[in-house]
Amino acid sequence: MQFARIPGITLALAAAIAMIGCGKKEEPQPQTAAPAAAPAPAAKPEVVVKLGHVAPMTGPQAHLGKDNENGAKLAVEELNAQTLEIGGAKVKFELLSEDDGADPKQGTIVAQKLVDAKVNGVIGHLNSGTTIPASKLYSDAGIPQISPSATNPKYTQQGFKTAFRVMANDVQQGKILGEFAAKQGAKTVAIVDDRTAYGQGLADEFKKSAEAAGLKVVATEYTNDKATDFKAILTKIKSTKADLVFYGGMDAQGGPMAKQMKELGLKAKFLGGDGVCTPEFTKLGGPATDGHYCSLPGMPLEKLAKGPEFKDKFTKKFNAEIQLYAPNAYDAVMVMADAMKRANSVEPAKYLPEVGKAAYDGVTAKIEFDDKGDLKGGAISIYQYKEGKLNYVETLGMAPAAAPAAAPAEAPAAAPAEKK
Amino acid sequence: MDIFLQQIINGLVQGSIYAMVALGYTMVYGIMGLINFAHGEVVMIGTLVAITVVTFTLKLGFPVWLAGATGIAAAAAVCMALGWSLERIAYRPLRNAPRLTPLITAIGMSIVLQNVAMMVWGRNYMTFPSLVEKTQFEFGGAAFTSVQVMIVLVASISMGGLLFLVYRTRLGMAMRATAQNPAVAGLMGVNANRVIASAFVIGSALGAIAGVMVGTYYEIAHYQMGFMLGLKAFTAAVLGGIGNLAGAMAGGVLLGLIEALGAGYIGDLTGGFLGSHYQDIFAFVVLIGVLMFRPSGLFGEKTGDRA
């Protein structure tokens, strides 16, 4: 009986919706036509370029997601202030920001949402774990994607023509960290990772490199990216008397881990990748982080030609410290816009080849991609924590070809943006 | 040996926290047969309130002990009010509804509280100011701090106080009577509403203390921290026999020990086949094991039709 009634109701509802729909369609036509018609002769037609941005805006890494979003937002605002013309039309950039919660499942859901919204390009995602599954969707839809921060090598190794990243990957970073550990005089090393695509990937590369440099891996332990208690695994590491603890993971775990190491009386030095190279790490770890090392892809902002200027702009605008990848997110947007300008089109299919040919003098580096979409000549810098501050130690790896050189040839593209 | 001892200490401290939270689950379940899945979030709010108040009072120039005491008092007050309102808003109107309905509201409240906390305190990790000087001790090669000693002490005192309340006071007697048979207790002049509300309030107060413990121990807090803690504490309550106070305490400590020893030794025992990433899984393996082989828990009596 009940089943019989439902189609009736749904039919009625459908009819009602259809009627409302029709009504809507008819109504706005004269309304929108009028204002659109008036300024048309005066100004050129305006094209809205929709840029998707995806990062965790909730969850333990929300502070990093917000940071990326702010970087991208700054770039979009600057682009709009330039009133660019591409393909004979004025373009207005619009940022569609989505939250993937650092969760691969959520990552593909919002990626599909952006594909359905027909975005012209995607900046993101933040984590390797979300970037890799989402990249398939963007590739299928032919939408160029530039990740500001996903460092897992797999991302660009899938053979997608749409996948790019604007920083050194984990193979480069892990290798350098392993060599650095050996250089520090460590003989034995314990490795902990958080089993995410990023943490695990970095730890694996570190292990390979450390072993190649003659270090002995005495313990391999794991945690997860939501844990707060590491005493059990640290106790085990203590029993191995390792000289150095390497952590592949993020600051929210790394900080408390450093603290608990001290409480357990571990004398080992702590070394981590870019995930723990943040102000948050030392905020959470307190004085226990003193003397620990971490690495960041690229050069320190202060040492880059446009770095201090970017920092000023950023802190003035958002009244917040740069956490980590905001400059990279900024560059990612700029590289994409630059490719659109050179292609004279905002159509993904038309400007995609130009992204690959980028030679953009960005804030973080001279951005050029290799045939896979990886950043050419990605450098890695090592930092040490002292009294709650990150102190630059040295830059290792491939020569940072771009950084000090002003590259005047490429300047025109970037210069207007930087003067604002 | 020192490593074994260290793992025991790690587990004991973690377990004391689980036990304190588990009491909140077990008290509510014991009296009205409801699993208050929002309890983990009550603990989380307790931690965040304590952080805010302690940071603020320290800024005002309060001495550390006073700031700490104010923080604990504020956390307890807010959590008690929260526990009372939860019961009043989410559970009392549904007291005669089918069993599934209050379970769904419980999960709903947990999500609501998480989001409210996110809006109030933001999404970032917060640092808990150090209240106690962390003196480090050595015992048989194992290291522990004054904070850890304090956590175990405070947990023992609170649990002792709770046992006294339940077995030696009029309110406790009313609670036990209501747990046994609400209708008959009502006929004997027990105000069931008041008893149930007090179970929520007391459970939440213990949760607030547990929240402050988590805060001082790890010195970080976050709006999502209540979820996993709540699940673990719930497991501890089931392990000890849900509805049984002493069981919840024993279950909590036992679960802490299982986790610490499990994470510390599983890699060696299985030759590296299983690793320390199973630390969180132990709790749920234990939960499934208990539900399969001894649903009434280690110390639980026959749960009868209320299970």
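A Cβ is built for glycine as well, from the same backbone N, Cα and C atoms used for every other residue.
Keep in mind that TrEMBL annotations are predicted by a computer and have not been checked by a curator.
Annotated in TrEMBL:
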TRANSMEM  B:12-35  transmembrane segment
TRANSMEM  B:42-58  transmembrane segment
TRANSMEM  B:64-82  transmembrane segment
TRANSMEM  B:103-122  transmembrane segment
TRANSMEM  B:142-167  transmembrane segment
TRANSMEM  B:195-218  transmembrane segment
TRANSMEM  B:281-300  transmembrane segment
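Contact between the transmembrane segment (B:195-218) and the transmembrane segment (B:64-82) is present: at least three CB pairs lie under 8 Å, with pairs separated by 6 or more positions in sequence. Taking residue pairs at least 6 apart in sequence, the transmembrane segment (B:103-122) and the transmembrane segment (B:42-58) share three or more C-beta contacts under 8 angstroms. Listed as Cβ neighbours of the transmembrane segment (B:142-167) (distance under 8 Å, sequence separation of 6 or more from its ends, same chain) are residues 2, 5-6, 9, 12-13, 16-17, 19-20, 23, 132-136, 175-176, 202, 206, 209-210, 213, 216-217, 245-246, 249.
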